[in-house]
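Asker: Residues or ranges marked as compositional bias 'Polar residues' in TrEMBL: 108-117. Residues or ranges marked as domain 'Citrate transporter-like' by TrEMBL: 352-785. The region 'Disordered' feature in TrEMBL is assigned to 1-33, 106-150. Summarising the annotation, TrEMBL assigns transmembrane segment to 170-189, 337-357, 363-380, 392-412, 432-460, 472-495, 515-535, 629-646, 691-711, 731-749, 822-845.
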Amino acid sequence: MGLLRRNKKGPQDAQGSQKTKKSRRKSFFSLISPSDVTEGSLQVWAGLPPKIRQDPSLASFQMEHNRLHGESHDENSDEIHNEEIAMASNEDGDGSSDHSESFITIKVPSSSNQEPTTKPDEHEISSHPNPPHHTPESHHSPHNLPHNAHFYLHHDDHTNLKEDPLYRKYLKSGFLIICWFTFAIILMMKKEKILTTKTLAVPANDFKGYEFRPMPENRVLVTMEGTFLPTEYSNETTEYLSVALQLVTFAADTNDTISVDEAQLLENIGDVWRVPLVKPEDVDKAPMVTKKHHFTVVSEHIAYDNPDLGVRIKMWTTNFDQDFAVKVTYDVEPMNVEVGVIYAALIMVLLYVLIIWEIVHRTFATVIMSTLAVAILAGLDDRPQFREIIDWLDIETIMLLFSMMIFVAVLTETGVFDYIAVYTFKGTGGRIWPLIHGLCAITVIVSSFLDNVTTLLLLAPISIKLCEVVELNPVPILMAIIVHANIGGTLTPIGDPPNILITSNHYIAKHGVTFLTFTLHMAVGVIIVGIQTMIQLRFKYRNISDLRLKIPAQIQDLRREIAVWKRAAASLSSYSKDADLVRETLMKKVKILQHQLKKKSITGAVETDLYKSTLDELQKTYPIKNKTLLIKTGIALIFTIVLFFVQSIPNLQRLTLAWSSLLGMLLLLVITSKDHPEAFESIVSRIDWAVLLFFGAMSCIIEAVSRLGFIHWIGKQTEAVIMSCSEESRLAVAIIIILWVSAITSAFVDSIPVTTMMIRVVVSLAENPALGLPLQPLVWALAFGPCLGANGTLVGASGNVCAAGIAEHHGYKISFIEYFKFGFPLMLGSVIVTTGYLMVSHVLFTWH
């Protein structure tokens, strides 16, 4: 390696200039000298994504890695990434520059299979007024390192980012400080609520009493756990457990558990609560069910002036010829649900204000609002214990996302997404609408059998690469893929989590809703909705230029590259000088790209044919980079997909989707660890932890909102509206209400609690003999509602957020407003069409 010197900026002779110009296409420009690279910084560099790690501006790290370890960082590093990032250059070509920049040229030994085109002196020093332009022909693979490498030191601090107005910064900071101050004060003042739980045995021919003090002032919440029948089966039994709350007086030495003679009954508090029981012979095998009931304590009950006054929970069984065991929990200070609903609505409004107007990142918004929701529960005397909050986390979804993200990270290394994109481009002849229709059709088919998260994690990278190949804006295409993934998930009972909840309900399954009948009824609606969606898309983008990049491709590419490099730099913390060195190097690259972006934006000097290529060139540019790794990944992926299908068979259900994906991911890491033992840190670094944190915080918000009574209130209002309709229009109104309420609510609230709540409403309506409503039309309406409603907003489904995260990692941002403008009209159109389909098939022709 040659000596390193620096020259002051000055004119070059003609011969030196000519040599530099000739060798410019084969030169690599690094932001740091190899002598400054340390072993620790090499470890930090090894954890960067391939697109960053293999960039020519970081060639010094690759050279030092080869020198120290005698091999390249990746077995096929010359195949991992062939994209080049344009370096800052003098667009006018006159060698002038308005910035003071200096360049250092160092001599790098040439490869054994490559002869230098020029033979400068061993210690040749050159200074350049501007960094040479890096052309697409050059290759940054360590195996193809040129004989000259230029280390470019950039000192320009100019950025081209538009900052928020000062008043908006103060408003945002003020709002966040108020939120923090609110939940900090409340959480420091309020303790976790720890309730007393007793396990009692109710005798067959007597009652069991449980007395407690102090005297409640408003209401008493009694929670019981035992072998109770679900609510939908309450009309199918004659065995009941009756529970009464009584105002009594006791002797001073009375124990908690008492007999009839030890208490003097003053009066009953509220009505008797009757809970249906399973048959005595089924007690040992029936599952435990939790029931809750509020008893209201009026002012007259607490007017007695008696120190021995207390409350007794009295329990006795009816038509039950054996002792019955029950676990009883009471709460003398339950939360006021009426007030809780108002606070829950406020939390949801604040959350969407933060997300819609992008005041903060959506993940940070969910973390803030989830903490505020817990604080509000604490303020209403219902602060959950920490283990309860852990139970709120949707571990199933988070583990599924984590596992599939690792699959996608490894598949990216093989180049299969680029390869599929090129051959899809070949199959459609480069025509835009056949390409879009093909992608959407594939998405519908795949998502009908795989969950939407897996579908979008696999198809989103292919869609983005396809759009880059044909120079389309990936954002509308990716949003169309999201919409069709949710439509396809409606088709089968295993396509979307709401469908799984619906078909696994015992009451619904018992009344003829099988896999075949579900798929048959949904297929007609899915086909109609698919046609309507494509017609609406064709009308929206009737001018094909609306799908093109509005900003020149080169400027768009620079902006994406800046975002990618900034994200890589932000992922490195200042825990060591080595990490600081790598981060500072990355930020130098950001400044170079920002400077180039500024010059191109001002001068408009953009090469319009930069990405124009023939099909043969594309096929040569994007081959399968690592066939061995692709085969191993394919084996693990096929194993995972087979498990997905097996777990959908009732008699073979042993693993959830999360466990299936986790086993497949572990298999992938096991069979690839032999060849790439050092790759694990690099793979883990490419997991979108912000998306995982978003789902964790969002599940806490939904559970807190549900605990505040918001979702139950929606269900009650829906049931009240349907009950108020006349008999002849009741079925039509029930279908419309269930469909639209579940769709609109699922657009803003997670579909799983919405579906759980609406299942209770549907079952309650169907089993009410006075209404005479058939079950199946209500089930189809409920199945369509949450799945189609998820298309309304960016946070309507887990897959939506995952796809947005993938787009962001590729440098394309899908904002809440942009998706809302795209998805909400499509959602309204699909729900309107579905309403017509259900009206015709079940109200007019009574298909059920």
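Positions of Cβ are set from backbone N, Cα and C atoms, glycine also.
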Asker: Could you tell me whether the transmembrane segment (170-189) and the transmembrane segment (691-711) are in contact, taking contact to mean 3+ Cβ pairs under 8 Å with a sequence separation of 6 or more?
Answerer: no
Asker: Should anything in the same chain at least six residues away from the transmembrane segment (822-845) have a Cβ under 8 Å from its Cβ atoms, list it; otherwise answer none.
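Answerer: Same-chain residues near the transmembrane segment (822-845) but 6 or more away: 476, 479, 482-483, 487, 521, 524-525, 528-529, 532-533, 536-537, 731-732, 735-736, 739-740, 743, 747, 774, 776-777, 780-781, 784-785, 788-789, 791-794, 796.
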Asker: State the residues, same chain only, that lie 6 or more residues beyond the ends of the transmembrane segment (337-357) and have a CB under 8 A from a CB inside it; answer 'none' if no residue qualifies.
Answerer: 365-366, 368-369, 372-373, 376, 380, 701, 704-705, 707-710, 712-713, 748-749, 794-795, 816-817, 820
Asker: Are there residues at least six beyond either end of the transmembrane segment (515-535) with Cβ under 8 Å to its Cβ atoms? List them, or say none.
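Answerer: Hits for the transmembrane segment (515-535): 437, 440, 444, 448, 483-484, 487-488, 490-493, 499, 503, 776, 780, 783-784, 788, 826, 829-830, 833-834, 837-838, 841, 847.
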Asker: Which sequence positions outside the transmembrane segment (629-646), separated from its termini by at least 6 residues, show Cβ-Cβ distances below 8 Å to it?
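Answerer: Hits for the transmembrane segment (629-646): 403, 407, 410-411, 413-414, 416, 449-451, 454, 494, 652, 655, 657, 660-661, 663-665, 667-668, 671-672, 675.
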Asker: Run the contact check on the transmembrane segment (392-412) against the transmembrane segment (170-189): 3 or more C-beta pairs under 8 Å, excluding pairs closer than 6 in sequence.
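Answerer: They are not in contact.
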